[in-house]
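Working notes, structure below.
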Amino acid sequence: MNRLYNALIRFILPHFMFVTINANDSLTSGVFPNANLTVPWFTDGVSFRQNFCDVQSQFHNGDVELRTAFEGRNLHVALGPEPDYVFLNDDGSINQDNPGLMVKLLDEIALRGKFTWRDTFVWEDYNAMAVAEKDWTDFVFWSVSNYDMSANWWFDSRARTSMGISFPKGWMDGSLIIVTTKDDDSVKDAFQPFSWATPFTGTVWLAIVVTLGISALVSALVEGNSRQKTVVRIPFKESLISTIFSYLHQAFLVVCGHLDIVPNTHAGQLVSFSISFFAMLLLSAYTANLASFLVVERASAKLAISSIKDVVANRQTICVWKGTAAESELRLHPDAMLVGIAGDEAEVLKALRDGDCEYAVVSLSNYELYIGKEEINSDCNLVRVGRDFRSNQNGFAVKTDAGTLCTSLVREMLNVHLKDLHEEGYIKELWSDLYSTQHDIRDQTCLDKSPEVNSDTMNLTNVGGIFLIHGGLLMLAIIVYLIERQIRKKNNGKDFTRTNDKRFQNSLEHPNFLGDDVICTEVTMQSNKIDVIENKVEDLSQTMAEMLILMKKLQQGQVQLLANSDDPNTKKRVHLPQETFNTAISSIRSVPGGVQYDLGKDYDDESFRDDDFSYDTKAVFR
């Protein structure tokens, strides 16, 4: 009979805003609200908040520890009948086997704090707000003003704090996030061969190509004649086009992360540093933005949304739970186009799914719970976008009172236990258990809780600074090149001969001392001599080869060496000028192991004084 009576009262409760259940009935103790503490909501002059100032004094005197300061006491708790966090039986009583996350949390805190609450709780009546024309802030204020604490997932807002409501550490992530719907699958899965170019606009790609081309030209210019000594490979050294293409090749390789330019001038060093720094910044920007396009699934909205300001600025509609702190936060943006949804945040997401708005703002923990439910996200079409609108930890609420009834001590006690439970991972386990029992969608792709990164294709406004830095360094390199060029011209006008160059004389007197200019001059002179010698050796080698061929034919009797023979009947003879004939005869003499070709005395003695040129003909005859 009592059970039928209790069920009837629970059915009538939402309409009459009060209950009259017998709390002393042992069959209902701890699972039904206490009738002695239940009154119509928003009734004036009624309060069940207890006086804890004696406990406050004991705590200050060190007689009790904060964790167990309320040992043996019954706390009066206004419990929110949240269907997602408080599970009830058909008769309206708390389910003993699986009471829900919030009841489990209260039981664990009471166990650790050595107090009780199940025999002294009441249901919070949400329907009373519509009757009394109150909002959620009015509701929580009345709740904490009349009971020791309100057990719910209250949002800590500035307006509520200023009213004297205090919030212990939260047990759920109430950060406000932006949610929208995904792209159509046929669009999302379409082949996009040029998706790699998406991070930059066409203008940026063109600017990159032009910048690298200019960098290559500047590098080739400032290196000047010294480019023949660099690591840059120039297939045709005497070709200007080959030089330009070689430097273009190296410039584009830098953007791919491979620097192979080793400059020989200060201006060239500036160019190589500038192009390397330019490539580093460009690659960083490209890589970061490419990941947002290729790794993270794009949202269906045609706009790139990173914050609530973007939604407001683009005049997009936003669904929000009507009358809550979330709506109050959104109304701080005067141009926000809000669609107030009654009920709860599950209804808000349903409205978004059904197309009543383009975006929705909900609490993070509720979103993570609802995306796994077939009822709300059966088509796996809900997705987070942008940054969190507002970070917050939702949880219980108490009255700020440190001197009248000392209710603030309840907040401090809850704070200690909630921090312990967070650090021990107990609250995380509660959430995992809740997800495992409430999620009925088995497709894991639907349960991706990471935010959608809606990054814009980067344009020159985003990356223009990189080009400016590189351009400035290139201009500086050209200035340094012009200065160096003038210095070289001035130094080249000086006479670095052995007779009048004092530094050169010092180098002769002190072999360990050589100035930079002397070294450069000597290296240049020796290089020029080597070039002359190589050319002469090449010509003489050709002449010698011809001579050796003649000698071989002469030995075989195939030809005869005659001087200016005019006999037309002579066969197998070679007619040579007298000078050539004399040179050939006088230049060939036998030496042990082969034939030595004498260069003669027609060349500068100084050029050949340290060299012994000989040619072994064995290889030729073999």
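Glycine too: its Cβ is placed from the backbone N, Cα and C atoms.
According to TrEMBL, CYS380 forms a disulfide bond with CYS446, chosen from CYS256, CYS446, CYS520.
For the domain 'Ionotropic glutamate receptor C-terminal' (203-471), the model gives a mean pLDDT of 81. Distance noted between the C-alpha atoms of CYS380 (disulfide bond) and ILE305 (site 'Crucial to convey clamshell closure to channel opening') is 20 Å. Rounded to a whole number, the distance between the Cα atoms of ILE305 (site 'Crucial to convey clamshell closure to channel opening') and CYS446 (disulfide bond) is 21 Å. Of all the Cβ atoms in the protein chains shown, 15 others lie within 10 Å of the Cβ of CYS380 (disulfide bond).
The least crowded of the recorded positions ILE305, CYS446, judged by other CB atoms within 10 A of its own CB, is CYS446.
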